[in-house]
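Enquirer: Below, the features straight out of TrEMBL:
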type	residues	note
TRANSMEM	62-81	transmembrane segment
DOMAIN	68-498	domain 'Major facilitator superfamily (MFS) profile'
TRANSMEM	101-123	transmembrane segment
TRANSMEM	135-152	transmembrane segment
TRANSMEM	158-184	transmembrane segment
TRANSMEM	196-218	transmembrane segment
TRANSMEM	230-247	transmembrane segment
TRANSMEM	311-332	transmembrane segment
TRANSMEM	344-367	transmembrane segment
TRANSMEM	379-398	transmembrane segment
TRANSMEM	410-433	transmembrane segment
TRANSMEM	445-468	transmembrane segment
TRANSMEM	474-493	transmembrane segment
Amino acid sequence: MGVRQITADGYPDNRDITSPRGGLFFLHPTSMEFEQRPRIQLQVSSRTASFVRVLKARRTGIPPYVWPALFTALGGFLWGFDTGSIGPITVMSQFENQFGSISATVQGLLVSSIIATAALSAMGSGALSDRISRTYTISLGAFVFAVGAAIACSAKALAQLFVGRCITGFGQGIFISNITVYVIEICPPSKRGRTMTIVQLFNTVGIAAGYFTCFGTAKYADSFSWRFPLGLQAVVAIVLAIGTPFFPHSPHWLLSVNRPRDAEAATLKLGLQLTEIRKEDEAAAGAQVVQLTFKQQAKELWAKDIRLRTFFGMFLMVMQQACGIDAVLYYAPVLFQQAGLSTTSASFLASGVSGIVMVVLTAGILFFQDKWARRTQMIGGGSVIAGCMLTMGSLYASDAAQTAAGKRTLIALIYIFIAAFISTWAVVIRVIASEVQPKRTRAPATSLAQCFGWAVNWVIAFSTPLFLRRSSSGPYFMFGTCALLTVFVCVVFQPETKGLSLDALDQDFKETKLQSAVKRYFGSKSGQSTGIELVGMANS
């Protein structure tokens, strides 16, 4: 190799100096010859770019796909904040001074109005997401939510408050299910549960923040006490609406609309492995990409190889609400008063403590979510949930709840119920409902399941105060029975999905051992298949 000459200004000398292997020369950057040389653009391979991103992720300790998950989890915060604040708002004396004394029916309608419109908008949010992308749909829903929250915050009459909450619910229905789909699609299979726990963590932080915000503002004598929590929701929703479009689209959505290059670019930005997206690309290349109408998508959900998956996801989302979690969260102050905490401040504080319990538990399971089997969480968590509810119902039915020990037991059981739900069903049900679906039906199926879940949630939110006035034990027995039914269905029908890629779920979804045993038993009796099968695999 020749010796390179350096000029006084620090640049290599303008003379060509060749090496024994030839061809290497150095030009002064200011020379005419240098300016006239054709520029050579170096292209870094996608594999190298992916490797560089992995190195950066290791250096910071946070994979790139976590950032969009963290930001869109603000939608979970909004959901939780409304859940934690609306119940306390309706029992504030300042709220009563503004709108007058409200009956249990009006209270139920006011609390549940957001859920009713959320259920309606959730029906079409999946089709909208497939057309305009997950990120734009989340942004649109957040903007609608902000408008509704602003209207509710400025309400001077009860009718205006109802209108504001209905608009808020419409926006919530648009973005909630799509946050689930987006987060599921932007993270590796082995991290889906943990990443979804981030959304649940923000949800529980929102619930706790809602309780304690109302606990703090209740000290103000004017309407600021209940307007501030509603106004804060509008501010957070605007931040979510503005920020979400700046994050990468879901690579799976980009492939579904025949944009493989954009999908690869998004994969690199998210710090994922290219091998996964290439598998998706190859799978998409073998199928014709078709933009389906809403009617066609609805028909696709009930295709022979999909319909039982759709039923299963709907069942889980419905039972997630039918176990009574939102009855506890919405009416926590009422339930704690029923259990013996007579003063409003004491019940507010107990509700806030339950919010802290949820935050701590959610943060704790963040590191274990993908280590636990999905079936274990569903069956084990459901058993504890059912046990708590049935025990509370028995205490109220036997009048043991009137004793000092009974009241302490009831308060403890409420906390145990919340802890069991947050540790298991809160996250895993939404993950399962989304991941059991193939790519072509994931968004509409998740939205449909969310819609039915909210429909049941509306019934529970509306009827709980009325039900409690008629029977102190009845609601608990009903919630416990629903949880037991879910445990039975999961034992028989639920396959294990932890750690499988979204494509592998299409190909390797298998029946449980108990299903196989039942089919073999009844098949040997009748000589025919029982038809007890969760999914068909041939056409996934």
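Note that Cβ sites are derived from N, Cα and C of the backbone, with glycine treated the same way.
Because TrEMBL annotations are produced automatically, they should be read as predictions rather than curated entries.
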Enquirer: Could you name the stretch, out of 62-81, 101-123, 196-218, 379-398, with the greatest number of CB pairs under 8 A to the transmembrane segment (230-247)?
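Expert: Looking at each of 62-81, 101-123, 196-218, 379-398 in turn, the most contacts to the transmembrane segment (230-247) are made by 62-81.
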Enquirer: At a C-beta cut-off of under 8 Å, are there same-chain residues at least 6 beyond the transmembrane segment (311-332) that contact it? List them, or none.
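Expert: Same-chain residues near the transmembrane segment (311-332) but 6 or more away: 83-84, 86-87, 111, 207, 211, 347, 350-351, 354, 378, 382, 385-386, 389, 414, 417-418, 421, 425-426, 429-430, 432-434, 436-437, 445-446, 448-450, 452-454, 456-457, 460-461, 464-465, 468, 475-476, 478-479, 482-483, 485-486, 489, 493-494, 534.
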Enquirer: Do any residues, 6 or more residues outside the transmembrane segment (445-468), come within under 8 Å Cβ-to-Cβ of it, and if so which ones?
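Expert: Distant contacts of the transmembrane segment (445-468): 104-105, 107-109, 111-112, 115-116, 118-120, 122-127, 129, 173, 176-178, 180-181, 301, 306, 309-310, 313-314, 316-318, 320-322, 324, 326-327, 330-331, 334, 338, 433-434, 437, 474-475.
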Enquirer: Given pairs 6 or more apart, does the transmembrane segment (196-218) have at least three Cβ pairs under 8 Å with the transmembrane segment (158-184)?
Expert: yes
Enquirer: Using a Cβ cut-off under 8 Å, which residues of the same chain at least 6 positions beyond either end of the transmembrane segment (101-123) come close to it?
Expert: 82, 86-87, 90, 141, 158, 161-162, 165-174, 176-177, 330-331, 447-448, 450-452, 454-455, 457-458, 461-466, 469
Enquirer: Same chain, outside the transmembrane segment (158-184) by at least 6, Cβ under 8 Å from its Cβ: which residues?
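Expert: For the transmembrane segment (158-184), the nonlocal Cβ contacts are 68-69, 72-73, 75-76, 78-79, 82, 99-100, 102, 106, 109-110, 113-122, 125-126, 128-129, 134-135, 137-152, 192, 195-196, 198-199, 230, 233, 237, 240, 250, 430-431, 433-435, 442-443, 446-447, 449-451, 454, 502.
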Enquirer: Should anything in the same chain at least six residues away from the transmembrane segment (474-493) have a Cβ under 8 Å from its Cβ atoms, list it; otherwise answer none.
Expert: 312, 315-316, 319, 322-324, 327, 375, 378-379, 382-383, 385-390, 392-393, 396-397, 464, 467-468, 512, 514-515, 518, 532, 534
Enquirer: Could you check if the transmembrane segment (135-152) is in contact with the transmembrane segment (379-398), meaning 3+ Cβ pairs under 8 Å among residue pairs at least 6 apart in sequence?
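Expert: Taking Cβ pairs at least 6 residues apart, the transmembrane segment (379-398) and the transmembrane segment (135-152) are not in contact, as fewer than 3 fall under 8 Å.
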